[in-house]
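K.L.:
A single structure is presented below for examination.
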Amino acid sequence: MTISSAHPETEPKWWKEATIYQIYPASFKDSNNDGWGDMKGIASKLEYIKELGADAIWISPFYDSPQDDMGYDIANYEKVWPTYGTNEDCFALIEKTHKLGMKFITDLVINHCSSEHEWFKESRSSKTNPKRDWFFWRPPKGYDAEGKPIPPNNWRSYFGGSAWTFDEKTQEFYLRLFCSTQPDLNWENEDCRKAIYESAVGYWLDHGVDGFRIDVGSLYSKVAGLPDAPVIDENSKWQPSDPFTMNGPRIHEFHQEMNKFIRNRVKDGREIMTVGEMQHATDETKRLYTSASRHELSELFNFSHTDVGTSPKFRQNLIPYELKDWKVALAELFRYVNGTDCWSTIYLENHDQPRSITRFGDDSPKNRVISGKLLSVLLVSLSGTLYVYQGQELGEINFKNWPIEKYEDVEVRNNYDAIKEEHGENSKEMKRFLEAIALISRDHARTPMQWSREEPNAGFSGPNAKPWFYLNESFREGINAEDESKDPNSVLNFWKEALRFRKAHKDITVYGYDFEFIDLDNKKLFSFTKKYDNKTLFAALNFSSDSIDFTIPNNSSSFKLEFGNYPRSEVDASSRTLKPWEGRIYISE
């Protein structure tokens, strides 16, 4: 199949056409029965990933770490966390991945490091240490009536409370936008940047990785002076820092500099991809990040569609939304690419999101499978690089009715403590928070992978091991890889079929452009068209438990039904009525 680059102005690339499978190493596969996933466990399941239809794996942080934030607090960028294995285990995993014809992408967490990293230990040792300026140190704004130091500004940590931690030794605060053991690195310091590139990027390029997923890549450039943030949450003394930390004044310069380092470092001709987690950005800013001619990022993740239904003031507050809101937000992932040399991504799940069937489908026993397949139809029909998160291909759902004590996520625990302190355990704020985490907590994605219905650990660990985190009880209900592999009607086998369809029609599924909504205001129907050369793809997707009617664009008879989530024997291709949670893809040539 020849991919034309006439429109949009894009070149075919391996990373554009790839389906990338994300692995959360702690929860994927435990090879030695210590309760934690590991490198050898991942290696043992690479064939499973290949058979699914994935072209690359992205592994969340596996570096040496105190694990205060599940490895996103890195103490040594050049060492594998011993619980996950050795560096040699990782190098062997990279080699096996390549032998199977897949690419290897690793996580790049360089907005912050761990407070156990040698860089920070040196920095905090004294005010005159040469690495003092590698982090953000500031004196207290003052002292309260009890003599406690007041943080330098009103910025809120993403994990609740102030974004500053007081260090007794030097009597100054350090900035940490995440948890107290994740000090932010000061990218204004050139020596700091060079050390980051060499240790976190260069070391792994030298060992054969094919790309980097760049964690919170929009936060490196803080506004000079670190001023107070505007008050948008009247119920808290801590405010979102986004206006002064996100997409800051030097952010594009920093990404261009790092991209140049990558290009200069790789000598064997392999093309390295970078995908930035850029949270929120205008279309123009997204184009600046991902324009091929600017040499910053290959593509980016945007959060608009996963944040629908959550308050901009505080994500753990749910607000009403309709299907139209989600449709518009989802299109923000890729519409800015049209007619440019930019690129983007398609995803519904990752390690920071709940299970998509619970969030956007219907996880009831009656509709879990069919709505899970519908979400698969949607994803394979959209343009951009497709990402699938471990367990998504099984149709995993959120765990149910867990008490707060079972949650592991530092974001949940810190926000719970902050709300309890500020408003009380029985407050309406706490009730809203608990309702929200039942739907959107990151922990829903982090339970151990469900390989079988083997008791008590679903094949993740041996029966005598104690996994690091509780299992989702749904493995006993058939939501596991072993049972689903034997069931031709399972979500797993449907995903294999869906990815084959996407590859067979990659010209219009991956590279399609001129996306247009049809019947945007419809509260149950998600339908659209997009084009590639002389082809048009039309998708009609029923996001409800009712049968609904739809119309083919221009009533054209040239559209042929190519793919859907109901068995073809049950579908009348000429029918204009969709069954509950039915999705169809038509193509006209």
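Keep in mind that glycine also has a Cβ here, set from the backbone N, Cα and C atoms.
According to Swiss-Prot:
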ACT_SITE  D215  active site, nucleophile
ACT_SITE  E277  active site, proton donor
SITE      D352  site 'Transition state stabilizer'
K.L.:
Whole-number answer please: how many Å between the C-alpha atoms of the residue listed as 'active site, proton donor' and D352 (site 'Transition state stabilizer')?
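P.N.:
The residue listed as 'active site, proton donor' to D352 (site 'Transition state stabilizer'), Cα-Cα distance: 11 Å.
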K.L.:
If you draw a 10 Å sphere around the Cβ of D352 (site 'Transition state stabilizer'), how many other Cβ atoms fall inside it, taking every protein chain shown into account?
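P.N.:
20, counting other Cβ atoms within 10 Å of D352 (site 'Transition state stabilizer').
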K.L.:
Tell me which residues of the chain lie with their Cβ under 8 angstroms from that of D215 (active site, nucleophile), as long as they are six or more apart in sequence?
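P.N.:
Result: Y72, D107, L108, V109, I110, N111, E277.
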K.L.:
Please give me the CB contact count at 10 A for E277 (active site, proton donor), counting all chains in the structure.
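P.N.:
If we count other Cβ atoms within 10 Å of E277 (active site, proton donor), we arrive at 22.
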K.L.:
Determine, from DSSP, whether E277 (active site, proton donor) sits in helix, strand or coil.
P.N.:
strand
